[in-house]
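What follows is a set of notes on a single structure, which appears directly below.
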Amino acid sequence: MSFISRLQQSFAPLHAPTAQELKGVLDHLQVTEEDLRTFLEDPGIHPYGRKMLFQSEHVEVLIMNWAQHFKCAPHDHGNSHGWVHVVKGVSTQTIYSLQREIPVPQHTGVTEEGASFFAPRTMVHDMENQSESSLVTLHVYSPPISGMKVYDLERCMACVVSEDCGAWWPEEQRQRLAEMKLDGEAVMG
């Protein structure tokens with residue numbers, strides 16, 4: 001059975017799955033680098049190449065192929081929760097708290113190959129491949145991400161991005177669904 005068929009068979013029956021249900025299916029799949037090799041997209045000018053592997057009304061599954069030493073922008077996942085599974089490499093992640101709408105770093109940690117971390121609805125984080133080796137991650141979200149907010153900390157801006165944009169400030173105007181100037185005086189002052 002093909003990997004895409006396995007994804008469809010595993011995730012299609014889920015309706016408004018809990019975090020535990022998503023994790024159970026993800027763990028049961030036992031995804032390998034070989035399963036994903038043909039789907040890897042080159043990052044190009046972005047922190048990662050991304051490809052949608054499966055999407056239903058209730059779940060989406062994406063693969064990300066990370067550039068070396070290139071951090072994605074701090075972002076949330078809109079109204080979605082999900083899991084990020086490190087298929088190959090080591091992921092460095094910073095978790096932020098929002099103080100007057102401004103993301104402030106709270107904790108940085110690593111997720112090793114074969115491990116997963118949970119991304120709750122309200123979490124703002126960034127990720128990076130800090131090594132010279134490959135980093136490939138599989139992302140499972142419910143419901144499919146919409147309303148994702150990406151932060152530009154240097155410009156004190158946030159942007160709600162379209163579903164086809166990753167965790168970076170979009171170059172194309174059509175991918176910018178809403179832009180907001182953030183009031184960071186309390187944090188910066």
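Glycine too: its Cβ is placed from the backbone N, Cα and C atoms.
Nobody curates TrEMBL annotations by hand; they come from automatic prediction.
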Further Fe cation ligand in TrEMBL, beside His75, His77, within candidate set His28, His125:
His125
Which of His75, His77 (the binding-site residues) has the most other Cβ atoms within 10 Å?
His75
